[in-house]
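Okay, structure first, notes after.
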Amino acid sequence: MAFKHKDIIGLQDLTREEIELLLNTAENLKEINERDIKKVPTLRGKTIVNLFYEASTRTRTSFEIAAKRLSADTINITASTSSVTKGETLSDTARNVLAMKPDIIVMRHAVSGAHHYLAQRVSCSVINAGDGAHEHPSQGLLDMLTMRQKFGKLDGLKVAIVGDITHSRVARSNIYGLTRMGAHVFLAGPPTMMPPGIERLGNVTVCRDMRAAITDADVVMMLRIQLERQGKTLLPTLKEYSRYFGLNNHLLQLAKKDAMVMHPGPINRGVELCSHVADGDQSHILKQVENGVAVRMSMLYHVSGGELPTE
């Protein structure tokens, strides 16, 4: 099966078969990351620009490693070191970058929809590395890959997502992807951090009580409190938040015995989850980071026109 999209803007745009293709390719590419020499010539001669308007550690580093393991050339541009600080618009930045003939632009931007705007104005491929509160497709894919490795499937899983849903592009990508793959998503968080109508995105249940969301869950995914996006009225204190929506060993016992604990990072330890849980046997947080490289290799591979056998 060939991947038919020029860009990857969000999981909302992808079919179940396309998501499976990206996950299966990532699973195949993981083997490269275990070799002594972690490089294949698949994207030799391709140029990838990582254009980040927001701070990032895991995503930007992971995309750069993914590109280099496929032998692509990478250029990293951050807003703080670019002409953006001089007032250059996204449109002008895009046209100037495009004039240098890149093959793929990987972009993170604070404004939801920025990637749609960019993709309409450039001829090269665009991959969304996070746009506002809209989507973070690579995170959603790596989360699903991590779950599938543990349970062998996504269909029928109960996945609890707890935290700041309003500002979370990770939550939205997981909702789109997981519900398309047959999982049931349960959401919990403070009422001020739960957007109205979120349940209309798929097979989603909104719970007022965190306990209801995580009871008998296969996966408990905790989200970071995005302090940089909070208004004064959304979060009284971190202590109060942790009291009602923080995960500890006692609460984790409500989930299934073999439940996974996940977090997209960075973690606010002692707020959304305690260190005992973050570093415990049920934590798959570092496995998520590990899988991120393979997933982003898969995304780069497929928007470059790669095709794998269906079997």
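Note: Cβ is positioned from N, Cα and C throughout, glycine not excepted.
On a predicted model such as this, the values are computed, not experimentally measured, just so you know.
The annotation carbamoyl phosphate binding site is assigned in Swiss-Prot to Arg58, Thr59, Arg108, His136, Gln139, Gly265, Pro266 on the grounds of sequence analysis. The L-aspartate binding site feature in Swiss-Prot is assigned to Lys86, Arg169, Arg224.
Residues listed for carbamoyl phosphate, Arg58, Thr59, Arg108, His136, Gln139, Gly265, Pro266, cover a largest CA to CA span of 16 Å. In the three-state DSSP reading, Arg108 (carbamoyl phosphate binding site) counts as strand. If you check the binding-site residues Arg58, Thr59, Arg108, His136, Gly265, Pro266 against Arg224 (L-aspartate binding site), the ones with a Cα inside 10 Å of its Cα are Gly265, Pro266. Look at the binding-site residues Thr59, Gln139 and count other Cβ atoms within 10 Å of each Cβ; Thr59 has the fewest.
Gly265 (carbamoyl phosphate binding site) sits 31 Å from Lys86 (L-aspartate binding site), taking the CA atoms of both as reference points. Cα to Cα, Arg108 (carbamoyl phosphate binding site) and Lys86 (L-aspartate binding site) are separated by 19 Å. Comparing the binding-site residues Arg58, Lys86, Arg108, His136, Arg169 on other C-beta atoms within 10 angstroms of each C-beta gives the minimum for Lys86. Taking the C-alpha positions, the distance from Arg169 (L-aspartate binding site) to Thr59 (carbamoyl phosphate binding site) comes to 13 Å. Of the binding-site residues Gly265, Pro266, Gly265 has the largest number of other Cβ atoms within 10 Å of its own Cβ.
Same-chain residues that are not part of Arg58, Thr59, Arg108, His136, Gln139, Gly265, Pro266 yet have a Cβ within 8 Å of the Cβ center of the carbamoyl phosphate site turn out to be Ser56, Thr57, Ala129, Gly130, Val170, Pro264. Distance between Cα atoms for Arg58 (carbamoyl phosphate binding site) and Lys86 (L-aspartate binding site): 27 Å, as a whole number. If you take the Cα of His136 (carbamoyl phosphate binding site) and the Cα of Lys86 (L-aspartate binding site), they are about 28 angstrom apart, rounded to a whole number. Within 10 Å of the C-beta atom of Arg224 (L-aspartate binding site) sit 18 other C-beta atoms, taking all shown protein chains into account. Counting in whole angstrom, Thr59 (carbamoyl phosphate binding site) lies 26 from Lys86 (L-aspartate binding site) by their C-alpha atoms. In the three-state DSSP scheme, Arg169 (L-aspartate binding site) is classed as helix.
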